[in-house]
């Protein structure tokens, strides 16, 4: 009874909100190429749940979230959105939106519970086969990420995961298994999602697993060296990517005819002050974020901006490493949410905190007490649509207009378990965000950027890492007491946008 009553209430609310949708929009589906991919994105740990079902082993995030104090609301992804059991329902949600692509990640722990030290798990292969076949039946292209933060805890316990070159062989084996099992139907692969975030938070700040850091970045019980370990971990990520991409290009690409890339978190930076020092600081802040990983993959070495500051702290690439790096990625995945200010800490006095120790630049979202854009519920996430245009143009210049996909872009709502469903569902701010960013994206494509797709984060509310369930990015609201899905106003807007229903006649 209660569930049916909620359904009627939500349906009534959505019907009312539908009347509030603007009659005309500044952006239309027809402003993008006909072949353009429009989709939604998720990740395995954030939505699947079923953390011990189907012979899956523990991941690093399974362990991390069960340690008290790590997650804001004390929650975890044990159940999350229960996508493991409800994937068919979620595929129907995507189909109802009218998207032609779905970006998701594979749980390494489901496929290889013990890494290369054990066998392939048939139940894991079966789950992703069913998911891939289900979305293809709806005319939706799978866009698959191999690793989105979560790895088997076995590899951390056995040899220290990303701090050990052994992981390159493990990741290569995992990639090989996935290419062989799913590559006949998957035409878009990415090796990693936001390794720049995972490395920074895991080995510099200590706020993500494996929780390693040192002062002034933090005081981690597990120890660590924030001045060295992030660069070792990043080096092993880069060479793991190179291992996987060599396997794909030598063994699979010619017959499977797919593309492969890497997804990076990409903040745009503006100088805090109109002075040369801050303009240089923005260049350093940019280089220490995304080119940290992309420059080696495109040009074979770390950015000169990093070499100048870090010197010998950056590992070197051996002749064998450079041989593998000759196999180039086919596209860049750009996760863009926000724009921040950067202030010089190389030639100027600067507060000595953790943020100044990496690129000798302090970053902030405010200037003289004024935010750079409209704040959102996610700290440091501001609404600055110009940022996506400038970010794409930066990649155009630096990487000779290598093909790009906007693999994540979305708006954070904040609340808690007492927030009414109606407050989540009425998300006009998200519509304004999507409309603004898509307008700027269409403009930069008209200016010549080779951007081939856009994925809204996310199709459904989900577990938002350190923030648990206190932040929601979904186009669909989830009542976690019942797992009921309800469309937010933004889902209706996105659907109508994809159908060109906003276009003035």
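Note: Cβ is positioned from N, Cα and C throughout, glycine not excepted.
Model, not experiment: these values are computed from the prediction.
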Given Swiss-Prot lists 46, 193, 194, 337, 408, 457, 464, 465, 473 for beta-D-glucoside, the same-site residue among 148, 241: 148
Candidate recorded positions 46, 193, 194, 337, pick with smallest Cα gap to residue 220 (disulfide bond): 194
Entries of 194, 337, 408, 457, 465 which, being recorded positions, have CA atoms within 10 angstroms of residue 213 (disulfide bond): none
Spatial neighbours of residue 465 (beta-D-glucoside binding site) that are distant in sequence (at least 6 apart) but have CB under 8 A: 46, 71, 149, 208
Binding-site residues (337, 457), the one with most neighbouring Cβ atoms at 10 Å: 337
Using Cα positions only, nearest of the recorded positions to residue 194 (active site, proton donor) (345, 350, 408, 457): 408
Integer Å distance between the CA atoms belonging to residue 193 (beta-D-glucoside binding site) and residue 350 (disulfide bond): 32
